Each structure stands twice: as structure tokens, then as C-alpha cells.
Amino acid sequence: MASPIKTQLVVFDFDWSMADQDTDRWIFEVLAPDIRRKMKTLKDSIQWTDLITQSLQELHARGGTREQIEHTLRTMPFHPAMVRGVTNLKEASNPSTTFFCLSNANAVFISTILESKGLQNLFEEIVTNPAEFDPSGLLKLRRRVDPNGLQHSCTVGCSPNMCKGEELTAFLERHQPGYDRIIYVGDGSNDFCPILRLRSQDMVLCRRFRGLERRISQEGGLQCQVKYWAGAWEVEEIFGQLV
């Protein structure tokens, strides 16, 4: 007989998982499509976080403002069903649910969007790339793992700026004694590393038609349960079954 679930952790990727777009690309598609086009040509030769840093500098140099960036983020697609789903799950007392954001976006993009949706207090922690506006309005972004310092040791394929598997393990070590169940919501190939660490009682909610689904089908090796979804309303349904 399975033990009752009293505590659970919901881990969210952000782009295309919690939100219905990619923050890095959306900003430039709206404010500077020519920079977005340049990003497509450079993405294989420049590390992605470094490329976004460079692109933000170019946007600022041509007059892009903090206000424009914040407004663009607030208008990015974000499904109302996702807001309902996470809000209802957080408010439920049985089981008790903790939320953790683990994203390759950045602190400013994520916090601006969450605040616009009334979700600024949702997450226990947000682990992502550091970013802040300087007095001139330039959004200064840097990798979570400093390229000039000690690098992570991932062999599964995480990007140089962050190993999501190591970050999930570190979060769990900070929050002992742990959780009866972990639910991981993700879409990208870099979400494969952390879900390899999940147990048989845990679950991944994998968004269809993206990199994570391909890696699960090609590589396997998971101990956790897998549920697939395409729209946020389906995540809301699954969350409703967890209480």
C-alpha cells in the first residue's frame, strides 16, 4: 500500500511550460525583429545566455527602454488556466504544495511576468540567470554559472550556464526532509537531466511536440511517471487530481 502524500513539490520550467511563449525570443520578436533574425543566425556559434546579453545591449544602444521591455513581457501569452491551476493547488491544504521555478530565462523576465499575473508569491525559490536593470535602463544579464569560475559537471547535456539536475538536487538538500512527491513541469531538452533524478512516486508533466518529449522517447531511463499535455487547461486538470 502506497504511503499517503502529505507534501509535494511542483517544479516548473518557465518558457513554454508555465508561460505560453519563450521570453528570450518574444522580447526581440516584438521590439526588434531584425535582432531576433540575427539571433537565429548566431545561436550555434554563441552560448545562448551570452547571445541574449549581447542582444539586450544592442536593443539598448538603439533606444530600447526598460518600460518597453516590461510592457512587452506583460503582454506575452500566459494562459488563464495556468494561473487558476497553480493558484488552486497552492491554496489546497491536503497535500501541502511547494512551488520551485527552475528556468534558463532570467530573474527580470520571470518576476515581471509573475507579478503581472498576480503570482509573485507563488514560488519558494526561483533559480535562473541573474539580471537587473542598471540606471540607464540596460538589462544586464549574466550566466548563473560564471564562465570564468568553476563549471558544473553535467554529462546529460545541460547548457553551460546551468545544470538543472544539479540545481534540483541542491534545492532538495536545502529543503530537508524532502517531499513525498515531486511533479516536474517542463518542455525542453534541458529538462531531461532533472527528471532522470525523480523517483517512482514522482511525475513529469511533459509538454508535447518539444525537445523533452523527443528525449524521453529516444533515451528513456526514467523511473517517474510521465503525463503529456499540450495546453495549460490540461495542466489545470492534472493539478486538480493531485488534491
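Cβ coordinates are placed from backbone N, Cα and C, and glycine is handled just like the others.
What TrEMBL says about a protein is an automatic prediction, not a curated fact.
Taken from TrEMBL as is:
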- D13: active site, nucleophile (ACT_SITE)
- D15: active site, proton donor (ACT_SITE)
- D13, D15, D187: Mg(2+) binding site (BINDING)
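Cβ atoms within 8 Å of the centroid of the Cβ atoms of D13, D15, D187 (the Mg(2+) site) belong to the same-chain residues F14, W16, S17, M18, A19, D22, S103, G186, G188, D191, R207, R210, site residues excluded. Every protein chain shown contributes to the tally, and the Cβ of D187 (Mg(2+) binding site) ends up with 23 other Cβ atoms within 10 Å.
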